[in-house]
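One structure is given below, encoded as C-alpha cells.
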Amino acid sequence: MENQLAKSTEERTFQYQDSLPSLPVPSLEESLKKYLESVKPFANQEEYKKTEEIVQKFQSGIGEKLHQKLLERAKGKRNWLEEWWLNVAYLDVRIPSQLNVNFAGPAAHFEHYWPPKEGTQLERGSITLWHNLNYWQLLRKEKVPVHKVGNTPLDMNQFRMLFSTCKVPGITRDSIMNYFRTESEGRSPNHIVVLCRGRAFVFDVIHEGCLVTPPELLRQLTYIHKKCHSEPDGPGIAALTSEERTRWAKAREYLIGLDPENLALLEKIQSSLLVYSMEDSSPHVTPEDYSEIIAAILIGDPTVRWGDKSYNLISFSNGVFGCNCDHAPFDAMIMVNISYYVDEKIFQNEGRWKGSEKVRDIPLPEELIFIVDEKVLNDINQAKAQYLREASDLQIAAYAFTSFGKKLTKNKMLHPDTFIQLALQLAYYRLHGHPGCCYETAMTRHFYHGRTETMRSCTVEAVRWCQSMQDPSVNLRERQQKMLQAFAKHNKMMKDCSAGKGFDRHLLGLLLIAKEEGLPVPELFTDPLFSKSGGGGNFVLSTSLVGYLRVQGVVVPMVHNGYGFFYHIRDDRFVVACSAWKSCPETDAEKLVQLTFCAFHDMIQLMNSTHL
C-alpha cells in the first residue's frame, strides 16, 4: 500500500470515473438459460419441466417486452441498476437494518502489536483514530490509489461514501446523506462524534489548519471517558437507530418536533466523519478464535453505535477494535481497504506513536445534549429491548483454519475462493442432506458505479461432486474429476458475473419494470422454484470473500433457516465467520464451520491421492 501511495501522485482517486463503461444489459436468452441451469439442483423432473415452460412463455411473451423497456432505460443511464438496487436492497427495507443489514468486522491489530490488554483502550484508540483520519485526508486529496484489475481501473465512487455519510430513516423509504467533498470540490465536515455510556460528544479533528495528533486525540478521548465514568449514563439516543425503520422515522420526527435543537444535533452526527464508539466490554480474541470479538462488534451495546452511520469505529476496554457499517452506501471491500491501510500503519510503527508529545490548546469536546421527554425515553427502551432480544438469538462461529491456505491450493492449481465455496457446499450437504442455494458476491466495479452481482455457487456440477463424496461406490479418480468440473463451472460463472453477464440483477430489473408499468407480476417470479433456488432474497447461504489481507467481516443470514458466511484467505490459513439464528432448529453455525474445515482436508486429500 505504501508503494502504491508513493506512486499515487500520478493518478487521482476519482480521475477515471467519467471514462468507465456503462453497466450493460445482458441478453435475455442468455440470462434465462443461466437461470434455468441454476434451478436444476432444487427441482425434480416434473418441477423443472414446469419451470422450463414458464421460462419459455416468459421469453417469447412479456419477458421480451420488459427487456426492450429495460434496454430503453439503460440508454439514458450510465448504470441502469444503481438507483433501483439502492432502493430495493437497502432503502425500502423496513426491518431493523443495524442488525439485519449492516456488516461488521474486527481490526487485525490484535494479531501483532496490540493483543488484548486492559488499560490500553484510550491510548491505542488515539493512534488508530489518527491513522483513520490520515486516510480521510488522503481521500480528500484524491491520493488513495485507484483500484485496478491488471491495467483496467475500477469504479471508486463508493469511497466517497466512507466518511461523513449517514442513512436517514423515512416512513416508507430511507435516504442517504453524504457530506463528503474532496479538497478540489470545497469544504467537508471535519468533526467526529464519540459515543460513550449513552452520551454523545463532538470535536473537530483539524486545529489551526492541521490534523490533531494522537496525544491531542488522547486528551479528547480521556476527557470524554472520565466524564462518562464519573457521571450518570446518558439516555442512549443512538439505540433508536437499531429500531424497525418506520418506527425510527416516526421517533425521529417526534424528537425533532420536541425541540428544533434536536435536529441540529442529529445533523452533527449525520455529517460527522465517523462515529467513534467506546464500549465497556472486553471480548476474548486470539488469532485462531474470532467468535466473541465479532459478536461484540456486530451485536454490542446499541447506545454506543449509530446504526445508520457509514462508519462506526468501535473500541473495547481491552484495546481491541472493530467497525460496524451501514451497508447501503458501500460494500465491504471499501472498508477492507481502509482497515488494511490502518493495520499496516500500526504494524510499521510497532503499535506506537513516534511523533511529538506536544498537546496544543484545542477546545474540549462538546456534549450533544438532546431534549427528551417520557415518550422519547420510552421509544429508546423499546428499541433497546427489541434489539437485545433479536441480537441474543444470533449464533456466531468464527475461526481460523491453520493447516494450510492459499499457497497449497494454488500449488494444486485450485482457485482458493472456489476451493472455499465448494467446501462449504459439501459441508452444507453433509449437515443438511440436500444442496443449499448459495449467494456469493461478485464484483461489478469494472462498470460506472458498479457494485455487485449474485453468483449462484450451488451448481449442478457442485451437487454431483457432493453426492459422489457421500457415495462409497464412487472411486477417488471419479470424485476428483467431478470436483474439477465443479471448479471449472464456478470459475467461469464468476468471470461472467464480474463482466456484467450475471442474471439475477437482470431479472430484478425486469420485475421492477413490470411493477413500474403497473403490470401483474410475471409467473416466472411467483413460480415456487424461483424462491426455492434463492430468488427474491431467499438464499440459505449468504457468502462473500472479504479478500486476501488480514481483514475479516461478518453479516447475519439472509433467511431464518440460513447462514451468513464471510471468509478471508491468506497464504497459510483460511479465516471464516459464520452466523445463524439460534431459534432455527435446523441450523448450527459451529457444525457448519467444522464440517467446512473437514471438507478442506478431504479436498486436498483428493488431489494428493490421485497424484496430480
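Note: Cβ is positioned from N, Cα and C throughout, glycine not excepted.
Under the heading active site, proton acceptor, Swiss-Prot lists His327. Take the CB of His327 (active site, proton acceptor) and look out to 10 A: across all protein chains shown you find 18 other CB atoms.
Residue environment of Asn411 (CoA binding site) contains 11 other Cβ atoms, counted within 10 Å of its Cβ in all protein chains. Positions annotated as CoA binding site by Swiss-Prot, on the basis of similarity to another entry: Lys406, Lys410, Asn411, Lys412, Met413, Leu414, His415, Pro416, Asp417.
Summarising the annotation, Swiss-Prot assigns (R)-carnitine binding site to Tyr439, Thr441, Thr452 and lists similarity to another entry as the type of evidence. Under DSSP, Tyr439 ((R)-carnitine binding site) is assigned to a strand (E or B) in the three-state scheme.
The N-acetylmethionine annotation in Swiss-Prot covers Met1 and rests on a large-scale study or a structure entry.
In the three-state DSSP classification, Lys40 (N6-succinyllysine) falls within a helix. Summarising the annotation, Swiss-Prot assigns N6-succinyllysine to Lys40 (among others).
Residues or ranges marked as N6-succinyllysine in Swiss-Prot (evidence: similarity to another entry): Lys57 (among others). Annotation for Lys57 (N6-succinyllysine): same-chain Cβ neighbours under 8 Å, separated by at least 6 residues, are Glu523.
The N6-acetyllysine annotation in Swiss-Prot covers Lys406. Neighbours of Lys406 (CoA binding site), defined as other CB atoms within 10 A of its CB across all chains, total 19.
Here Swiss-Prot flags Lys406 (among others) as N6-succinyllysine.
The separation of Lys40 (N6-succinyllysine) from Asp417 (CoA binding site), Cα to Cα, is 23 Å. Counting every protein chain shown, the number of other Cβ atoms lying within 10 Å of the Cβ of Lys40 (N6-succinyllysine) is 17.
Apart from the site residues Lys406, Lys410, Asn411, Lys412, Met413, Leu414, His415, Pro416, Asp417, the chain places the Cβ of Leu408, Thr409, Phe419 no farther than 8 Å from the centroid of the site's Cβ atoms, the recorded CoA location. Here Asn411 (CoA binding site) is compared against the recorded positions Lys40, His327, Tyr439, Thr441, Thr452, and the shortest C-alpha distance is to Thr441. Nearest Cα neighbour of His415 (CoA binding site) among the listed recorded positions (Lys40, His327, Tyr439, Thr441): Thr441. For the binding-site residues given as Thr441, Thr452, the lowest number of other CB atoms within 10 Å of the residue's CB is seen at Thr441.
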